[in-house]
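Colleague: Swiss-Prot feature annotations, pasted as is:
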REGION    599-619  region 'Disordered'
DOMAIN    848-1138  domain 'Peptidase M14'
BINDING   920, 923, 1017  Zn(2+) binding site
ACT_SITE  1102  active site, proton donor/acceptor
MOD_RES   1168  phosphoserine
REGION    1206-1226  region 'Disordered'
């Protein structure tokens, strides 16, 4: 026939035997003939199908009509043997061809024809056994590939046909086996499962699987798989519990465990566990499991299986069941609200903070009454879904699709009169520099030079200036902090002159429209390298006492702060020191061996000095750390708990260790071992000490005096530890404090431990974490700082801890804390530490701490050490925070060469770069990156000088001082994520955001839009450093609306800076960058500055908390050296960006340019389609233990108010403009 002649497959030829036989069979269908002929032809086809793969391939080849002919014959024939032959052919085709041939049969309508055949065959009395076996075998294979199969089977009445066959033929294993396989397929549909349950299928399965017998193991295996599928229905699970089948399953499991000595029946044992897993999805099932002593049974059997690796599936499934059935525990707290209270000046009308304040005092916010009442919803997928649907392309539902919302629309927001309050923060726009001591005393023609002739000193020390800045108060620092009187006096004069000119400068700005026009026309600036003379301040002028404290000279004086601090408590090794007055408060340096410094010998001193030189990459001068200055600054730092202690790491300072710290390899089985130890708490309750050893909520709490108990403390700046409970002799549960005016955001920790013994493995469990996953599961270690090591000239934070993992625990999270979601649990970070020194004082932190006082110290050192002839440096106060701390604003650029008009004009016309950091207090890495940026901008590197001559930098290095000071992770004292307040910041509740946005609005109003805005963040769920930007075209592209994206015309300049950084910064990863705009991020700084202010190059730069999986640092955990390097490389990238955007530069490297024809389609392949965490960021482990305690792999959408970043308006980790709790499957 003509259809058979047009065959595209090479192997299918017109003269092949199979083609002829199929043509003959088709003719029989068209022209009724004797059944003998049909039997003969189908038997021949069966013979070929059984013996030749070529025949099977030809019959299912694309374009072949063989399958249609067979199904047509099957549908029309009345002959039993012909039917059996065709069924046997179909069995051969689907058995050897894999999923493609099964799907091919489904697409040709095979399911419906076979179900109809089953219904017809069931009318025979008795039904033909061979026919039923064949039909059920084929349907069991093709059913999973037909997403409508469950509905089709139910409509055709196939469910009861199959079920009755099993009931009537329990001893006929040949017939029952395929029937059970098909029942398992039916049960994938929840409606079918309930229907079958009503007809006694659950009881029927238990007749087959018990009592214990090794006979017919294959039948038992299929019956158990079917039972597990059936018990996913809550109705069936309740029926099983009511009939006492949970005890039966446990008994059968123990029998198989005892008798299966050679582990040949592991699949049966796993099938029993799968059934238990299903039935314990309901509360009644969990109670029945506990009552039947299931916890102890599964614990003991799983421990006996640990020695055999092939039995790991049994151990893992047992662990899952036990975790699920473990009774939900209450966090041992009176309330989940922070231990510290700060009264807000204004209470928000709506939002989580408003809910917190409106909560009646009698309400228990720690747990819900119905916490364990709800069943775990794991009903089977409904019939409209199948596995293939999960393989669709990645689709981000949070992506913004409204083009009108995507288009940047500059909105003034505030009136020009209102914005004039920021004029005093921009003196560089109006200053004529008549009274400054510039390099050139005489005006001279403005010329371009290609080289910088004068070196610039490395800045190190500074003093914050005092005075009034409009209506914004500054912090007045003590003048005796200055390290060199002459320099301090000169600096004071310099800053005073600038302040005196503010009013005149304001008038100048209003009276010189010509200058403004010149400014507008020069937004991108000119590329000038002004001739410089030698610096007046040299490195030799900077006193060596400002070194960090571990050079040879500093070693001799290191005991100075210890001698002026008297010991308040006598102790042979450790002492509490105090007596430095804080204007009525006492500054305490915790516990320290007062003799430790004096016992250092000269050899150690020399080696320590060399170690420091080798490890600290500041070749041109001392570092920015000054312990005495730090103490003075802490006196003026205002905290809610009124901290009076200083943590030793902040006092001594940190230098990067001179060795690499690789990402930790996770040993196999760590997580299940930790989980087993947690389960032992329930099974062996007498072994649990359960003693409180630290408690912020109990002011009358006394520290236990026993010598073998660790002592804890976090009552210092940025500290966060609320409660510690000793569980076993060397194991402690730690509870973190909520952010102030909040009831969640537990992630950042920073605490002190003392009283340890060497050679003892101490286990620490932080038990109230909230994120669904963590880089602690992927090689990240906590940080530890040892005071003994610091005294031995090793003052650094190091990655520490073994047996680290992160998993869902049995402590219940109330709906109040989970944004209205019930039944959620907390997560545990667990790690084990062996301390090297006896009675040491050690500190642990989530990441490298960087306090507010540290920032103020660094800024003062930078200010006091810079050369005012070359570097224009101002440190103003942007505003005061809610608790009265100043928010610093830094301005850095190059001084004009002279006060000649052209030099001043060029100075004023430099484009702005606006940088900010640390809006999220727990992302301390952002501050280390900012430190690298600040140090580079103030360095004597010729590139840094070119950079200063190219831009004016406005920097807010810490947007959330209060959050940093008080140990918050995500919020300010307002209890809100400040990075979600940029659309409508409140001057009362979000002053730093309100005024930072005001600065940007002011620049927009005077037509001086920044060329770049970048907000530094940290990311807890991804590796490397990367950027998020904003692009209309890429956002539309990822909506899969290709037609719309083609219509969008957009300058691709937003890609230039990330691309430059991918070339020059070893930690930077372009493939992790994303330029999509998501709805949950519309109130972040990045999006608001892009959309409302109009800055095209508006970014968030995310730095990993863990390490890198690419580039130079692949396989290494990130440290402060790498973070500071990233900050410096960002500056270098800005200089290259300047050259690429400057009309005066030529010979540009083409590899760094973004051409318009660099299509989004190709670029999307090397960037991320979302800011959310993807599977490649958190891959599965070889150790397949689900992180959750439930049976379904939940895509944990943390905190309902958090979308995209766990926060009150979005959904992620309470990450950063970055991190998200939703894990989308690609």
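Every residue, even glycine, has its Cβ placed from backbone N, Cα and C.
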Colleague: Would you mind reading off the Cα separation of residue 1102 (active site, proton donor/acceptor) from residue 1168 (phosphoserine), to the nearest angstrom?
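Modeller: Answer for this pair: 13 Å between alpha carbons.
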Colleague: What count of other C-beta atoms do you get within 10 angstroms of the C-beta of the residue listed as 'phosphoserine', across all chains shown?
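Modeller: Excluding its own Cβ, the number within 10 Å is 24.
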Colleague: Please identify, from the binding-site residues 920, 1017, the residue with the sparsest Cβ neighbourhood, meaning fewest other Cβ atoms within 10 angstroms.
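Modeller: Checked 920, 1017; of these binding-site residues, fewest Cβ neighbours within 10 Å: 1017.
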Colleague: To the nearest whole angstrom, state the Cα distance for the pair residue 920 (Zn(2+) binding site) and residue 1168 (phosphoserine).
Modeller: 23
Colleague: Within the domain 'Peptidase M14' (848-1138), what mean pLDDT does the predicted structure show?
Modeller: 94
Colleague: Express the distance between the Cα positions of the residue listed as 'phosphoserine' and residue 1017 (Zn(2+) binding site) as a whole number of Å.
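Modeller: So the Cα of residue 1017 (Zn(2+) binding site) lies 18 Å away from that of the residue listed as 'phosphoserine'.
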Colleague: Secondary structure at residue 1168 (phosphoserine) (DSSP, helix/strand/coil)?
Modeller: coil
Colleague: If you draw a 10 Å sphere on the Cβ of residue 923 (Zn(2+) binding site), how many other Cβ atoms land inside?
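Modeller: Residue 923 (Zn(2+) binding site): 32 neighbouring Cβ atoms within 10 Å.
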